[in-house]
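Here's what TrEMBL has on this protein:
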- Arg62: site 'Interaction with substrate rRNA' (SITE)
- Asp64: site 'Stabilizes Arg-xx' (SITE)
- Arg106: site 'Interaction with substrate rRNA' (SITE)
- Arg110: site 'Interaction with substrate rRNA' (SITE)
- Gly176, Gly181, Ile196, Phe197, Arg198, Glu199, Glu200, Leu201: S-adenosyl-L-methionine binding site (BINDING)
Amino acid sequence: MLRLIIADAELQTVPEKMAKDRSIRNIAEKNHKNPAEMLLDSNYMHTTIEKFYPGESNRRGRPDIIYIFLEMAMESILNKNNMLDVYVHTRDNFIIHINNQTKLPRSYNRFQGLMEDLFKKRSIEYNGNELLSMEEGKIIPFLKNLDGKTVVLSPDGKESPLSGIINDNDLNVVIGGFSQGDFISDLYGNFPSYKIFREELTIWSVGMEIISQYERFTSLLG
């Protein structure tokens, strides 16, 4: 089993101190939503994020990159063969598990709505099956409780070919869930870290490479 864990993901609802800002309330009114229950999204809230979190507006509020990653992962051949498990750990220490039978919305707007429901209800079910679940939890204890080997991927890690990383059937691979900066959690002090390319890659590119290499390692594609 390959477990992909997105760590310190910039996936959160609008922080309380931002929820009363006029620009946030305008977006909420336009979409008939509660301001504090909306996803923080820098595509629409960049200026307001910068106002409340100076210097962080290019990092915070990136549910879009989580959406792209999840669409790629859930549609992979590996996932369709029940050999992939995906978790998302958020900057506010919530851990989301995505059932590998989950069919995510094709529309980003619908994905936003799904995540907003998840933050509110903590669980999304369909026909008696739990598709998404969320619970509070810090990433280090969570990773240490997983079976198998755990590695962290980072541009600052030790350079290694994919074949040197993907060499175990039971493997946990941690990828950063942000577009700028570094991990907030102390992953480097607890697990070995590697880089797979000389340049920084998007999280979905990294995920795709890891999944493809694991498919080759397990001879899934013949």
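The backbone N, Cα and C atoms fix where each Cβ goes, glycine too.
Locations of recorded TrEMBL features on the structure.
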| residue | record | DSSP (3 states) |
| --- | --- | --- |
| Arg62 | site 'Interaction with substrate rRNA' | coil |
| Arg106 | site 'Interaction with substrate rRNA' | coil |
| Gly176 | S-adenosyl-L-methionine binding site | strand |
| Ile196 | S-adenosyl-L-methionine binding site | coil |
| Leu201 | S-adenosyl-L-methionine binding site | coil |
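For the recorded positions listed here (Asp64, Glu200), the lowest count of other CB atoms within 10 A around the CB belongs to Glu200. A straight line from the CA of Gly181 (S-adenosyl-L-methionine binding site) to the CA of Arg62 (site 'Interaction with substrate rRNA') spans 13 Å. A 10 Å cutoff on Cβ-Cβ distances gives Gly181 (S-adenosyl-L-methionine binding site) a total of 14 other Cβ atoms nearby, all chains included. Between the CA atoms of Glu200 (S-adenosyl-L-methionine binding site) and Arg106 (site 'Interaction with substrate rRNA') there is a gap of 27 Å, rounded to the nearest whole number. Residues listed for S-adenosyl-L-methionine, Gly176, Gly181, Ile196, Phe197, Arg198, Glu199, Glu200, Leu201, cover a largest CA to CA span of 18 Å. Within 10 Å of the C-beta atom of Arg198 (S-adenosyl-L-methionine binding site) sit 7 other C-beta atoms, taking all shown protein chains into account.
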